[in-house]
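As structure tokens, the structure follows; a few thoughts come after it.
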Amino acid sequence: MQCSRVLGIEGTAWSLSAAIVGWDKVYAEASHPYVPETGGIHPMAAAQHHASHVSQIVRQVLDSGYDFDGVAFSRGPGLGPCLRTVATAARALALAYDVPLMGVNHCVAHIEVGRWQTGCHDPVVLYVSGANSQVIAFRRGRYRVFGETLDIGIGNALDKFGRHLGLQHPGGPKIEALAREGKNYIHLPYVVKGMDLSYSGMMSAAKEAAAKYLKEDVCFSLQENAFAMLVEVTERALAHTGKNEVLIGGGVGANMRLQSMLDTMCRDRGAKFYAPPRKFFGDNGSMIAYTGLLQLKYDQTIPVEDSAVNPIYRTDEVEIPWL
């Protein structure tokens, strides 16, 4: 169908964000992230935060004055209480404005906003966020997962190690800063099994190392190890698929060291590396709205009564008719 703009709401975990997006640009956006006082994300507390602030951020984008042809929301994967909160808001908006409703896969949204912002066409995607570490590529109508973590996602691993060091959430950016000051590599477990990888053993070893070595050196070693594993499986996916583009997405993708390692690998293989602008790495309403725009164009809408959230929604469950 013909459509020009969609309002999207993101709220899978700590980020709460809304945006109105068209084919050409982001027309309006607002956010109000949940920041825990201590520790990591508490699902019920995050959901309470989202419930308290979702009307505020939606009102901010509505006050921009731009109309929209549909409403999209993050259907999953994510924290159930948070997903249900934003889904309720999206249903209410769709009914109030009498427009179609689209339930968006959060992982697919990271891919699509990256493709939109960089202009790449058919890349191997390294998707690295809190709970996810996946190597993905399009094949036979879907984004197929070629490899992934067998235990903990890279973002959660970094955040947990950050808390072990006494760093405030989120730990990833603070570990990146400390790693730039590190000079000595400390041996840590390196676990790649075919196309899959594992971080739990490496994290345990890093915690033990933190009691013996400078935290800057441990952060440096942790990053080098963890990112080398990701680059290895991404390079293997490039060889297997024969593609010549690599796109990075997800919050951890903003790490400049990881981007540098991927860019070097791509140059060595004659491939091109793509990274979207920094604002699109973290969870954001714009990626939900843009993917909702694609789904609306291809009639992937859902009735309100069938719009239940899915906390374990897999990337490869989604049909992709636009590629």
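Note that the numbers count up from 1, one per residue, in the order the chain is shown.
Using the three backbone atoms N, Cα and C, a Cβ is placed for every residue, glycine included.
Reduced to three states, the DSSP call for Asp283 (Fe cation binding site) is coil. Under the heading Fe cation binding site, Swiss-Prot lists His106, His110, Tyr127, Asp283.
The feature substrate binding site is assigned by Swiss-Prot to Tyr127, Val128, Ser129, Gly130, Ala131, Asp159, Gly172, Glu176, Asn255, with sequence analysis given as support. Tyr127 (Fe cation binding site) carries a strand DSSP state (E or B). Listed in sequence order, Cys107, His110, Ile111, Ser133, Gln134, Val135, Ile136, Gly249, Gly250, Gly253, Thr315 are the same-chain residues at least 6 apart in sequence whose CB falls under 8 Å from the CB of Tyr127 (Fe cation binding site).
Look at Asn255 (substrate binding site): DSSP puts it in coil. Rounded to a whole number, the C-alpha distance linking Ser129 (substrate binding site) with His106 (Fe cation binding site) is 11 angstrom. His106 (Fe cation binding site) is 12 Å away from Ala131 (substrate binding site) when you measure Cα to Cα. Across the residues annotated as binding substrate (Tyr127, Val128, Ser129, Gly130, Ala131, Asp159, Gly172, Glu176, Asn255), the two Cα atoms farthest apart lie 18 Å from each other. Within 10 Å of the C-beta of His110 (Fe cation binding site) we count 33 further C-beta atoms, all protein chains included. A straight line from the CA of Asp283 (Fe cation binding site) to the CA of Gly172 (substrate binding site) spans 15 Å. The secondary structure of Gly172 (substrate binding site), as reduced to three states from DSSP, is helical.
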